[in-house]
Amino acid sequence: MDSKSKMQAEKHLTGTLVLSVFTAVLGFFQYGYSLGVINAPQKVIEAHYGRVLGIVPMDRQATNTSRDEGTLTAVTVTIPGTEAWGGTEGTPVPPSVPAEDHAASPYILTMYWSLSVSVFAVGGMVSSFTVGWIGDRLGRVRAMLVVNVLAIAGSLLMGLAKLGPSHILIIAGRAITGLYCGLSSGLVPMYVSEVSPTALRGALGTLHQLAIVTGILISQVLGLDFLLGNDALWPLLLGLSGVAALLQFFLLLLCPESPRYLYIKLGKVEEAKKSLKRLRGNCDPMKEIAEMEKEKQEAASEKRVSIGQLFCSSKYRQAVLVALMVQISQQFSGINAIFYYSTNIFERAGVGQPVYATIGVGVVNTVFTVISVFLVEKAGRRSLFLAGLMGMLISAVAMTVGLALLSQFAWMSYVSMTAIFLFVIFFEVGPGPIPWFIVAELFSQGPRPAAIAIAGFCNWACNFIVGMCFQYIADLCGPYAFIIFAVLLLVFFLFAYLKVPETKGKSFEEIAAAFRRKKLPAKSMTELEDLRGGEQA
């Protein structure tokens, strides 16, 4: 950014703009908090599930009962950490639970826990299709106000989990919170991009990713057992995201509506001018009004494309394939397995205090999110995406080797820990931030809303699959679980190398033209660049 642009940006950075952007990205903070909060207190919540359901988890000390010709006999099982159950060693499990049922007990607990983790993504899947409708129907600010009701309701259910069937309340609470996050993940970028001046749009647009990783980090710190991650306070830990929802609700009352929404969608010129004056200070709003008029005419001249048309039209097919694959690669890279289950993974790696290592992952995640903001504009989208995938692939292999050889070489725990940190770093370099905004760059005004909707649904669906299945995969494959992700990362790398275009500095028309001209699926992106050069010549 040159000195003139910096001066212009500083001039446009008003208190109202800062308040509006901060308030909006609180929605992404809640998303990050919900992603990370379920990790640290896993053992404590599982123990509580066991008490409620009368189930004995495999890794705790309690006693079992067996039936022998109509009599009940106490049978001792070695399970450390009985104190979490509120009892002592040798205390029999209630006779209402037959001994033969205990063989399946660990799997029932795993099912409930996996569902508690992954149902969050189900809510996101369901609501991701309604973002455009509710944003246009209610307006950006009012829509964010209304959907906060979901966040508060979900937080209350989780915060009161001990007063009822905890597994049901937590699953319901996380599903409702997921509904909120699915809506918020569309409404927040929409609002931030529309209220930001052109000179600040890129910088302010990256703050949502920073809000996510900050939410993850704070949830991990609060999840320490001497703070809120203990048997007495874990419901408060889960319900605390409601505080951010309440704060956002009241701050939104002070935020102006998006001037672009007022002008382009509603045709309210005077209200749009008032909103611009609040956001820009004493600047003349007419220049931006003229830009909005041009955008309004362009949007009117291009027919809106439905989701069905997006899939059926050969004109969009390759762009849709790329849009979906970058979302799949983001989620199936294994990063959410790290976010959801990192404490468990560090425990398997032999780390004495795994929860602190998990917080270390959160710190690294936050630092490299900030660094990636500067890298994306310098190195380009495609090159960073490829570098990130390859780095994650190597890290996944190293993690697997470390976990597999841990029993033979104690120092392999350091290899596994280093691999986890590198895995997160490479994710934030490319596969983390890039898939969301590259989808918007692949499509022009007409097909863009439908493309973003299906990309969002795909991302949430993959998030659900990983959250639901990874614990089973880890139990089944042991130290080799991340080999599956390594193989997938190799597939994603090859796809990205052959298919994903560089979108930095290119217009939507240039990118769309490149996809239309691409006849053979085996052509490389270098050939696409040649096609663009031929068009311009």
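Cβ atoms are placed via backbone N, Cα and C, with glycine included.
What TrEMBL lists as transmembrane segment is 12-33 (among others).
Residues annotated as domain 'Major facilitator superfamily (MFS) profile' in TrEMBL: 20-504.
Using a Cβ-Cβ cut-off under 8 Å and counting only residues 6 or more beyond its ends in the same chain, the transmembrane segment (111-134) has close neighbours at 34-35, 38, 42, 45-46, 49, 53, 143, 146-147, 167, 170-171, 174-183, 185-187, 190, 340, 449, 452-453, 456-457, 460-461, 463-472. TrEMBL lists 111-134 (among others) with the feature transmembrane segment.
Annotation source TrEMBL lists transmembrane segment at 141-161 (among others). Under 8 Å from some Cβ of the transmembrane segment (141-161) lie the Cβ atoms of residues 24, 27, 30, 134-135, 169-170, 172-180, 183-184, 187-188, 191, 235-236, 238-242, 244-246, 248-249, 252-253, 255-258, all in the same chain and six or more residues away from its ends.
For 167-192 (among others), the entry in TrEMBL reads transmembrane segment.
Below 8 angstroms of C-beta separation, residues 21, 25-37, 39-41, 44, 188-189, 192-193, 196, 233, 237, 240, 339, 355, 358-359, 361-363, 365-366, 369-370, 372-373, 376, 428, 432-433, 437 of the same chain, each at least six residues beyond the ends of the transmembrane segment (204-227), sit close to that stretch. The transmembrane segment feature in TrEMBL is assigned to 204-227 (among others).
If you look up TrEMBL, you'll see 233-255 (among others) marked as transmembrane segment. With a threshold of 8 Å between CB atoms, the same-chain residues lying at least 6 positions outside the transmembrane segment (233-255) that come near it are 16, 19-20, 22-24, 26-27, 29-30, 33-34, 37-38, 41, 44-45, 48, 141, 144-145, 148, 151-152, 154-156, 158-162, 170, 173, 177, 180, 219, 222-223, 227.
The transmembrane segment annotation in TrEMBL covers 319-343 (among others). Outside the transmembrane segment (319-343) by six or more residues, the chain places 35-36, 38-40, 42, 117, 216, 310-311, 354-355, 357-358, 361, 385, 389, 392, 396, 420, 423-424, 427, 431-432, 434-435, 438-439, 442-443, 451, 454-455, 458-459, 462-463, 465-467, 470-471, 474, 481-482, 485, 488-489, 492, 495-496, 499-501, 511-512, 515 with a CB less than 8 A from a CB of the stretch.
The transmembrane segment annotation in TrEMBL covers 355-376 (among others).
Annotated transmembrane segment per TrEMBL: 383-405 (among others), in sequence order.
Residues annotated as transmembrane segment in TrEMBL: 411-429 (among others).
What TrEMBL lists as transmembrane segment is 450-474 (among others).
Within the chain, the transmembrane segment (480-498) has long-range Cβ neighbours (under 8 A, six or more residues past its boundaries) at 325-326, 328-329, 332-334, 337, 382, 385-386, 389-390, 392-393, 396-397, 399-400, 403-404, 470, 473-474, 522, 524-525. Among the features that TrEMBL reports, transmembrane segment is placed at 480-498 (among others).
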Long-range neighbours of the transmembrane segment (12-33), counting only residues six or more past its ends (CB under 8 A): 144, 151, 177, 180-181, 184-185, 187-188, 191-192, 195-197, 199-200, 204, 207-216, 218-219, 240-241, 244-245, 247-248, 251-252, 254-256, 278-281, 283
Which of 383-405, 411-429, 450-474 contacts the transmembrane segment (355-376) most, counting Cβ pairs under 8 Å: 411-429
Mean per-residue pLDDT computed across the domain 'Major facilitator superfamily (MFS) profile' (20-504): 79
